[in-house]
Each structure stands twice: as structure tokens, then as C-alpha cells.
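**Student:** Quick one: the structure is below, questions incoming.
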Amino acid sequence: MACELKEFLVKNDMYPMGDQVEKKRKAISKMTEYIQQWGKKIYIESAGVADDTDVKAATIYVYGSYRLNVYGNNSDIDACIVSNSTITRDDFYDGLYAELLNNPDVKELKQIPSKRSPHLSMIYLNIEFDLNFSRTAYTSLPDNLDILNENILKNMDELDTRAINGVRNTDIIDAFVPNHSEEAFRVMVRTIKLWTKKRGIYGYVYCFLNGISIEILVAQVISENYQLDNVRLLEKFFQVYSSWDWLRTPVMLGTNDDFNDKKKEGVIQILTPASPSENAAFSITKFSLEMIKRELKRGQEIVHEFSSEGVNDWAKLFKPRHLFCGYYIFIEFIVTSSSLEGLTTTIGKFESGLVNLMKGLSEIEEIIEANVIPNGFLDEENEKYFYYVGMNVKRDCPVDISTPLNSFLSIVNSGKDLIVDASIKKRSEIPTKFAHSVKRSITKSQEIKETSSQVPSSAITETFDIPTKPSIEQQLKAKEENSIPNEEKKEQLKKEMKQEANTIVKNSSTDDDFMKRFTRKN
């Protein structure tokens with residue numbers, strides 16, 4: 001069964017194929033050379049020294065999935081530019097950005113204006129990169145710089161520390177995994193990442209799990225169950241976390257000196273290992289937590305069946321979830337810009353604000369469920385992105401979402417680069433072009449880059465079956481057009497969709513009822 005699992009992961013691009021390994025290696029090498037030359041030029045101009053001055057003013061440290069060797073065929077590269085004291089964040093965010101605009105090897109360059117981790121995103125030599133920045137106190141970076149030595153954090157501000165901790169966290173996680181369990185760790189991380197994406201519970205900006213939180217969760221389970229094979233480890237993963245006391249017990253690797261300071265940050269805590277620790281699960285809300293817990297329970301039941309009965313139908317575990325199923329009301333966001341290129345370049349600004357919106361909605365007592373539908377829908381012909389938040393509310397109560405919604409809109413509409421409109425839609429009003437097997441072939445701007453504390457900016461192209469009201473009839477019609485062979489499969493589809501809806505909808509009002517009581521003050 002372990003072999004079949006790995007084969008399934010390979011088929012779903014969770015391993016690099018063909019020449020991708022060499023292409024990524026060359027792109028990293030060229031990017032490192034470019035940044036070192038850029039840093040030296042900035043230093044010479046700022047310090048007024050001779051052009052032949054021997055100084056190492058900047059270099060690159062790769063981290064995340066690539067550094068841990070858990071990257072897939074289409075994975076991007078996370079990298080941190082570590083500089084000397086001469087180079088400033090403005091030199092990086094604005095100066096380097098301006099230079100890269102004129103670099104013929106760079107495409108889809110964009111600034112991601114996250115308050116927690118502003119960074120640059122691009123395609124360089126046909127490889128997706130996300131670059132952030134950390135400034136050290138060194139005049140010249142030593143060749144043998146010890147990235148894990150806490151002295152490196154001296155005189156760093158919060159953004160610098162957070163950026164370099166992306167590298168430090170990766171190295172600590174790598175060291176935490178026993179040597180003989182490295183391959184099991186890589187298989188498990190790929191498995192859980194694919195599972196979360198297929199089941200619609202992946203993405204920091206969508207208030208779900210991100211890359212580093214998955215790596216920490218997996219490393220913790222493996223450290224205590226290193227004797228198990230891959231399938232048993234997967235079963236143990238679901239068993240442990242489906243019964244975890246998330247509200248009281250943080251997940252952390254070993255001891256954590258920052259535990260007392262971090263235990264009140266966020267609904268749950270998945271603490272990064274490098275000091276100062278961050279909560280990798282800070283964006284998760286009480287609503288998205290319930291969704292994650294339901295999916296963990298489902299995963300446990302399926303993998304236990306595989307393990308106990310010798311079944312290896314891995315497609316069942318990774319079957320895409322009907323993302324719109326179970327919600328009566330949606331907030332629809334239509335995002336436009338001056339051009340399609342401008343839209344894909346600046347969509348990160350919209351996504352970076354979703355966490356605060358969802359946290360605001362989670363504080364409204366009348367709302368019993370509110371989650372982002374992960375990823376947006378790109379309407380290339382009309383140059384628009386569509387995003388949705390699914391909601392259910394208590395019966396017979398007025399509902400006012402003005403405060404969080406208007407606050408969100410004021411922020412994302414504050415510049416000239418984006419125009420965001422919001423409206424309330426019943427499930428039956430979701431555009432039919434998004435209703436059946438929608439393929440979101442969206443460029444890299446879809447997601448904001450995931451680290452322990454920054455938001456992601458890479459995209460995934462995924463196919464989900466998304467029902468609208470009347471969802472079952474419409475879905476069956478679509479399936480009939482694709483030649484469903486028999487009545488048994490139709491009935492199975494009905495059963496699956498009703499089950500998914502019933503896991504969410506409890507004591508919720510209908511969409512028509514909600515529309516009568518909904519309040520949004522402009």
C-alpha cells in the first residue's frame with residue numbers, strides 16, 4: 001500500500017519530474033549570483049568605496065519545501081535575501097523591484113504588501129520564486145554564517161526576524177526529524193499537503209493550514225512513531241490530530257520558551273521552533289477549525305479502513321470536496337483592475353486582507369459558519385476575479401456584517417490598483433460557469449506565500465465540483481453529460497453531497513430567510 005500511495009503522489013505532481021530538479025537548481029544558482037551582485041553594487045554606492053572592494057553584502061538562503069526536499073513538480077521556491085547593514089528594506093522592496101522589472105528573465109513580478117511579511121513574487125527562468133528580506137548587523141556577511149546562532153537576530157526588527165526565521169525554522173524542523181525517518185517525513189508532508197488542497201483546507205490567507213504548519217504536524221507525529229511505515233504513520237497522523245485538544249494544547253517540536261507568550265495568540269497554536277516563535281496557525285478561525293476537524297475525522301475513518309481491510313483506493317482519501325455544499329448564503333467579491341496583467345499582479349493585496357475579514361465575521365454571534373472558498377475564479381475574458389465566503393446563520397436573528405466587511409473593503413480599495421465590489425448571493429445565484437467542475441487555471445498570484453508568519457503567493461490549479469441550488473439536480477445533469485454509466489452512481493452522488501451538506505448545516509436559516517434579515521450598512 002505504501003508503494004501505491006507514492007505512485008498516487010507522483011501522478012499528482014507532488015514529486016519533481018523530468019528536468020524540473022535541474023531547472024530549479026540552475027535558477028537558484030543564477031538568482032543567488034544576481035542578488036550577490038546587486039548587494040555589492042548597493043554597498044559600493046552607499047559606502048562610496050572602490051568598485052573592486054571585496055565585500056559580501058547580500059546572498060540568498062532557500063527555505064521551505066525545497067530546502068526540506070518535499071517540493072513537487074510545480075512548487076515554487078521560497079528564498080530569503082540576507083543582507084549586511086548597508087542595504088535597507090526600501091532597497092529591496094522598491095529598488096530591487098525596479099531592477100527586476102527590466103530583467104528579461106523575470107516575468108509576472110509583483111510586490112506583495114503584507115504587513116507581516118512584504119515580499120516580491122515572480123517567475124524567474126520559468127521557475128516561481130518568492131523573495132523576502134532580512135537585514136543583519138554585519139558590515140560584510142561571513143562565508144560561514146551560522147544561520148541558527150541567535151546572535152544573528154541582533155538589531156533586527158520584527159520583519160527582518162520573521163523573514164530569516166523562515167530559514168531557521170526549516171533547518172530546525174529538518175534536524176528534529178530522525179535521520180532514518182527522513183524519507184517517511186517527505187512522503188507524509190507531500191501526502192498531507194495534497195490532501196489539504198484536494199479537500200479545500202489549505203492556505204494561510206484562507207484561514208486554513210499552510211506549508212510550515214503541515215511540516216510541524218508531521219514532524220511531531222514522526223518523532224514519536226518513527227518505527228511505523230508510511231501507511232501506519234498516515235493513520236497515526238489522522239488518529240492523533242482528529243482527537244487533539246486544539247483549544248488547550250499547542251503543537252510544538254520539543255519544548256518552546258515562547259509558549260506562555262504565544263498561547264493566547266489565535267484560536268489554536270502550531271508553534272514554529274525558531275526563537276522568537278510564531279503561531280503558524282494564527283489565521284485559523286473557530287469556523288475553519290471546525291472544517292479542519294471534520295476533514296481530519298473523515299481522513300481517519302478512510303485510512304483506518306485502508307489499513308484494516310487492505311484497501312488501497314487512495315483516490316477516495318483525496319477526492320475533491322464539494323466546496324459550496326452546505327452554505328445557504330455567500331459574500332461574492334468581484335475584483336477588477338485596469339488590465340488582466342494588473343489584476344494578476346495585485347490580487348495578493350486582496351487575499352492578504354481575508355484573514356482579518358474572517359476573524360471579524362467569526363466574532364458575530366449570529367453567524368454559525370463562515371469560511372472562504374479557497375482560491376478565486378479567474379474570468380479571463382472579462383478580466384475579473386470572483387471570490388466567495390460561504391455562510392450560515394442562526395434562525396430568526398438580524399445579522400449585521402457591516403463592520404468587518406466595510407473595514408475590509410476600505411483597505412483593499414484604498415489604492416488605485418484594485419477595485420473590489422461585494423454583494424450577498426443566495427446559493428442559487430452563484431454563476432453557473434462556476435457551478436460544475438470549474439477549473440481555476442490561475443496564475444501564480446492566486447495564493448500568498450506560506451511561511452510560519454507570512455502569507456503565500458503561489459497558485460494551484462485545481463478542479464472542484466461546486467454545486468449550486470438546486471445542487472443535486474444540476475450536478476446530476478452535468479454528470480449525465482459526461483456519461484455516468486448507471487443509476488447507482490447517480491444515487492451515490494446524491495448521498496455524498498447530502499452528507500457533506502449535513503456536516504455543515506445545523507440550525508441554520510434558509511437563504512431566502514437570511515436575505516430578509518441581512519444588514520450591511522455602506
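Backbone N, Cα and C define each Cβ position, glycine as well.
As listed in Swiss-Prot for this protein:
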BINDING   Tyr63, Gly64, Ser65, Asp76, Ile77, Asp78, Asp130, Lys193, Tyr202, Gly211, Ile212  ATP binding site
BINDING   Asp76, Asp78, Asp130  Mg(2+) 2 binding site
BINDING   Asp76, Asp78  Mg(2+) 1 binding site
REGION    475-522  region 'Disordered'
COMPBIAS  476-499  compositional bias 'Basic and acidic residues'
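Mind running through what each feature is packed against?
**Tutor:** Every protein chain considered, the tally of other Cβ atoms within 10 Å of the Cβ of Tyr63 (ATP binding site) stands at 26.
Within 10 Å of the C-beta of Asp78 (Mg(2+) 2 binding site) there are 30 other C-beta atoms, taking all protein chains into account.
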**Student:** Do me a favour and check the Cα-Cα span between Asp78 (Mg(2+) 2 binding site) and Asp130 (ATP binding site); whole Å is fine.
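**Tutor:** Distance between the two Cα atoms comes out at 5 Å.
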**Student:** Of all the Cα pairs drawn from Tyr63, Gly64, Ser65, Asp76, Ile77, Asp78, Asp130, Lys193, Tyr202, Gly211, Ile212, the residues the record ties to ATP, which distance is largest, in Å?
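**Tutor:** Comparing all Cα pairs, the maximum is 19 Å.
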**Student:** How many other Cβ atoms are found within 10 Å of the Cβ atom of Ile77 (ATP binding site), counting all protein chains shown?
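**Tutor:** I get 23 for this one.
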**Student:** Tell me the coarse DSSP state (helix, strand, coil) of Asp76 (Mg(2+) 2 binding site).
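**Tutor:** Its secondary structure by DSSP: coil.
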**Student:** Taking 10 A as the limit, how many CB atoms besides its own sit near the CB of Ile212 (ATP binding site)?
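**Tutor:** The Cβ of Ile212 (ATP binding site) has 29 Cβ neighbours within 10 Å.
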